[in-house]
Amino acid sequence: MIWKQVLGQVQEISASISIILNLLLILLIVTKSPKQLGTYKYLMIYISIFEILFSLIDAIVRPLIFSHGSIFICISTNFSIPKQFCVYLISVWGGFFGSFMGLFALQFIYRYLVVRRSKTLETFKDSRIVLWMMIPPSFGLLWGSAAHFLLAPNPTIDRDIKSIVLEEFNWEIQNVAYVGPYVYPLAENGEIVINEKSLIAIIIVWTLVNTSIFTVAFFAIKCYLELNSDINASKSGRLNHLQHQLFYALVTQTLIPLILMHLPVSVLFLFTMFNLDLGHASALVAMSVAVFPALDPIPVILIIKNYRNAIANVVTIRVSMFSRREHTPVIRNTCETRI
């Protein structure tokens, strides 16, 4: 199928772009960050590293999302990896997915503490920062554990999707590595039952998603109000301008995964709960998830003035050098032969 080939190409290209842009962003953070950025630059580097790792595992697993009724599974299209190990990698991939929600929440908490000039900010300047940095892995551990222990392949799913997988993808189900919920399986007598494991996993995922969204929304609003308050207006113009840059970069950087990751996956889980079939439309989710880490660094690079100017200077120098080379007259040496 053509769309499977397109998905594979998108995943590979997105992974390459993500690695290049995130490495560039790390370089800019280390060499061009304003002093007022403080310890936030370490958090930004932390996020870029997460995105690089996620891109790598996405390129390795090459996930494909498939929805059928109350079944929603993430399939690895990389058949060169042993099935059992690939199931583990899919769970790790899901763990990174969950970690990003913790990262987004942590970013907005930190930005609010900076704008508010809270004493709690001191906890980011000593060994206690480790506790803050453990929030994203904790989200990821919960998500990944739910995927591995509650949503692993089982004979019931194999039985009910065997013919569909063979018809849609021409794959034998015993060779397919997948992870996902089956909320309303059919018993042998044909009666619909509730799969408690899948239900618990969905509750865990929804709790993580809603916790992240609520935290982001709560601190984003408080941060925006604080930035525009009369008290905050008394700060130096340069610092206040930087805080606004960071806030808008953060908002843009969070909207990208919200649109490309959280909303599509939330819709998938919702359709699964109501036993609704998304069909091939569910495959677009894997594509949008792959694109996310390639787009996410762009707002920071473009919105933060120091980084934007650094890129502009390099481009200007390169264009100037090329222009001079094009307009430099070529002097030819001629040798006059005398007899």
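Positions of Cβ are set from backbone N, Cα and C atoms, glycine also.
TrEMBL labels come from automatic prediction, so no person has curated them.
The feature transmembrane segment is assigned by TrEMBL to 13-31 (among others).
Non-local neighbours of the transmembrane segment (43-65) in the same chain are 4, 7-8, 11-12, 14-15, 18-19, 22-23, 25-26, 29-30, 72-78, 81, 86, 89-90, 92-93, 96-97, 99-100, 103, 106-107, 110, 133, 136, 268, 282-283, 285-286, 289-290, 293-294, 296-297, 300; each lies 6+ residues outside the stretch with a CB under 8 Å from one of its CB atoms. Marked as transmembrane segment by TrEMBL: 43-65 (among others).
Feature annotation from TrEMBL assigns transmembrane segment to 85-109 (among others).
Residues or ranges marked as transmembrane segment in TrEMBL: 129-151 (among others).
According to TrEMBL, the transmembrane segment annotation covers 199-225 (among others).
The transmembrane segment annotation in TrEMBL covers 246-271 (among others). Below 8 angstroms of C-beta separation, residues 37, 40, 65, 67, 72, 97, 100-101, 104, 107-108, 111, 115, 181, 202, 205-206, 209, 212-213, 216, 220, 223-224, 227, 277-278, 282, 284-285, 288-289, 291-292, 295-296, 299-300, 303-304 of the same chain, each at least six residues beyond the ends of the transmembrane segment (246-271), sit close to that stretch.
Residues or ranges marked as transmembrane segment by TrEMBL: 283-304 (among others). Residues 3, 6-7, 10-11, 13-15, 17-18, 21-22, 24-25, 28, 44, 48, 51-52, 54-55, 58, 63-66, 74, 97, 245-246, 248-249, 252-253, 256-257, 259-261, 264-265, 268, 311 of the same chain lie 6+ residues outside the transmembrane segment (283-304) yet bring a C-beta within less than 8 angstroms of a C-beta in it.
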